[in-house]
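Trainee: Dropping the structure in here first, questions after.
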Amino acid sequence: MVHLVKTGPWTRFSILGVCLGISFLGYVVFILVGSSVTGAYAILVGLVPLITAYFLGVRRVPVVTALLLVGATEFVASGGWGLYLQDVSARYMGDLLLLAAGVFLEVVRSLRKEVRERSKEFLFALDTAEEGFFRYTPWRGEFVFSKRFCEHFAPELSPFVSYPARVFFENIHPMDRERVEEMFVGKHWAEGQRFSFECRVRRDSGRFLTVKVYGLVYIAENGRRHPVFIGFMEDVTQTRELEEKLDELTHRHRISGLETAPRFYERVGARIGRGTEEKLALLVASPEDLSEVTDLYGHEARDLVIKEIADRFLLVKRRGDLLFHIEDQTFVFTLEGASSSGDVALFAQRILDTFARPFFVRGTPVYLSGVVGIALHPENGGSAEVLLQHAEAALHHARRERSGFRFYSQSMLQGAATRLRRMRDLQRALREEELELYYQPLVSIEGVVVGAEALLRWRHPREGLILPSEFVPIAEDTGLIFPLGRWVISRAAEAWGRWRREGLSSLLISVNLSPQQIKDVQLVDHLRETLSRHGIPPGYLTLEITERTFLEHMGSREFFSRLEEMGIGIALDDFGTGYSTFQYIKQYPVKAIKIDKSFVQGLPARGEDVAIIQAILTLADGLGLAVIAEGVENEQQALLLRTFNCQIFQGFFYKEPLREEEFIQYVKALHRPPGQ
């Protein structure tokens with residue numbers, strides 16, 4: 001009687017030892033486990049138990065043989081086939097030998113066919129992948145590459161051929177090579193552990209590509225435990241070049257070409273961090289009356305004046321000093337080794353003297369004045385942030401006093417009485433419902449209103465309508481921003497509930513978040529309770545924060561994660577003004593970016609603005625981020641943004657901020673079918 005059975009894993013034994021040992025018991029059992037032998041030898045030793053049985057006269061012969069074929073020659077210890085013969089008579093030995101050989105060959109053919117099919121499927125999957133596949137076996141010092149890998153990264157190599165490891169490592173950029181080699185061989189790797197890194201590799205043309213390498217580690221048993229790296233290599237050169245270009249554009253002011261705020265914090269912070277005894281003076285300079293140039297001649301003329309101011313400042317700057325353009329009308333000088341306040345004052349006067357000559361706009365002379373605020377290190381602050389804050393405070397005093405320049409001093413806190421009065425008015429405004437929200441529509445490329453931004457206004461009983469820029473800073477300084485911010489969120493959510501009852505439940509709503517609100521310990525719970533009370537689904541509420549706020553609060557990862565858990569999106573406001581990069585954005589739950597209106601207003605004349613907007617749209621699309629263009633004021637800007645495939649627009653060209661009832665009427669009228 002013959003049985004063909006599927007075998008499982010077996011313990012490794014010596015072939016000779018098993019045959020001899022069991023022969024003494026009157027049985028013959030042959031087990032071939034985990035050996036690497038030739039096909040001919042395998043057939044020979046596979047018949048040994050039957051031949052042995054013939055000479056011993058054994059009638060019951062269990063024969064178990066592991067036969068999983070890999071390639072053409074290798075056998076492994078699991079998943080094989082076994083042949084079990086029962087009640088064997090020696091006179092049938094010849095027939096049984098033929099039967100065993102036939103079954104053996106049939107099993108081999110079946111397994112080889114299965115292996116070929118599986119290999120074909122695997123190779124097809126690798127060839128259809130965009131990334132190049134590789135296997136690295138460190139203890140053998142061998143790399144094997146897929147067809148796609150060879151085509152894209154190493155055309156001179158052949159796929160699925162073992163190559164010495166130096167073939168791979170020699171093509172890595174010299175500045176990256178040691179780091180990559182250390183990553184592969186200098187760590188203790190565990191089964192299933194992931195690896196990921198970026199480096200530069202050289203193609204046959206000599207050009208270096210930036211690649212992302214990632215994959216998994218498995219542990220091979222070969223007497224010792226050895227890691228084997230299975231991974232993919234992806235060409236990210238174009239993406240990194242775009243990011244670098246955008247990073248350069250956003251860290252250089254679009255008008256002056258000077259370095260912007262991130263570089264200021266980086267370079268001045270490093271200078272202070274060195275702890276040298278030399279004094280450092282920080283001078284913040286700003287032109288006055290520039291709004292009149294805009295009113296009379298337009299934004300383009302105003303930008304030309306700002307460019308000339310920057311050029312004049314560069315002529316004043318001393319060798320070794322730094323000059324930054326951190327905001328639209330704000331420039332910062334740093335003076336190294338300022339020996340006395342008198343020297344700093346002389347330099348401040350030189351800055352003011354640059355305004356003595358007229359600026360010519362379309363042939364017409366325009367006279368401007370300037371103001372300078374000064375803070376000294378270490379007397380007025382121990383960090384770049386504090387020094388800048390104090391220098392700006394001095395500048396505001398110089399502006400109010402029309403004194404040209406002012407040094408920072410504690411006496412500047414004398415304006416606290418005025419601020420206290422404003423704070424009391426704001427407290428009353430919260431109690432007496434003097435605050436209200438306006439809503440500016442967000443319009444899609446198809447002309448459909450998809451949402452609105454809630455904008456805070458204060459209708460003061462004596463002063464009339466007050467914009468947030470005039471009272472939010474006071475609220476932030478006094479802690480009133482916490483109840484004020486929660487009030488805005490509650491009122492915006494109530495408005496969304498009314499929109500739903502009006503049949504406008506598909507609209508999204510966004511609310512501006514102040515930097516100080518991130519510190520509000522009650523904010524997350526308030527948001528959760530508000531969403532639940534008004535039935536706002538996940539994804540319908542967005543919190544807008546500026547790039548600068550985002551950069552300064554990147555350490556608040558838990559806060560952003562809790563927002564993401566509730567389905568609340570983050571939109572970066574004023575994007576492109578030079579504070580953040582896409583490298584940071586990828587690490588946080590940012591859902592949308594709003595292109596700053598200063599870039600939109602430059603369309604279509606300013607080529608740099610066009611380049612920045614196109615780069616932002618390209619990279620945002622790759623990250624799956626929505627993009628909203630702010631400050632769209634005319635049809636020409638809207639048409640050009642559509643050609644760039646910008647999807648959402650906001651600005652006076654579409655609609656100014658509206659009271660809630662006006663907003664509802666506007667949306668209904670816009671969506672009403674013709675003839676109704």
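Heads up, the Cβ atoms here are built off N, Cα and C, so glycines get one too.
The feature domain 'PAC' is assigned by TrEMBL to 195-248. Taken from TrEMBL, the feature domain 'GGDEF' covers 278-410. Look at TrEMBL and you will find 419-671 tagged as domain 'EAL'. Under the heading transmembrane segment, TrEMBL lists 12-33, 39-56, 63-84.
Tell me what's around each of these sites.
Mentor: Confidence in the domain 'PAC' (195-248), given as mean pLDDT, stands at 86.
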Trainee: Just to be sure I understand, if DSSP states are collapsed into helix, strand and coil, how many residues of the domain 'PAC' (195-248) fall in each?
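Mentor: Helix, strand and coil residues of the domain 'PAC' (195-248) number 12 helix, 33 strand, 9 coil.
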Trainee: Go ahead and report the DSSP secondary structure tallies for the domain 'GGDEF' (278-410): helix first, then strand, then coil.
Mentor: 58 helix, 38 strand, 37 coil
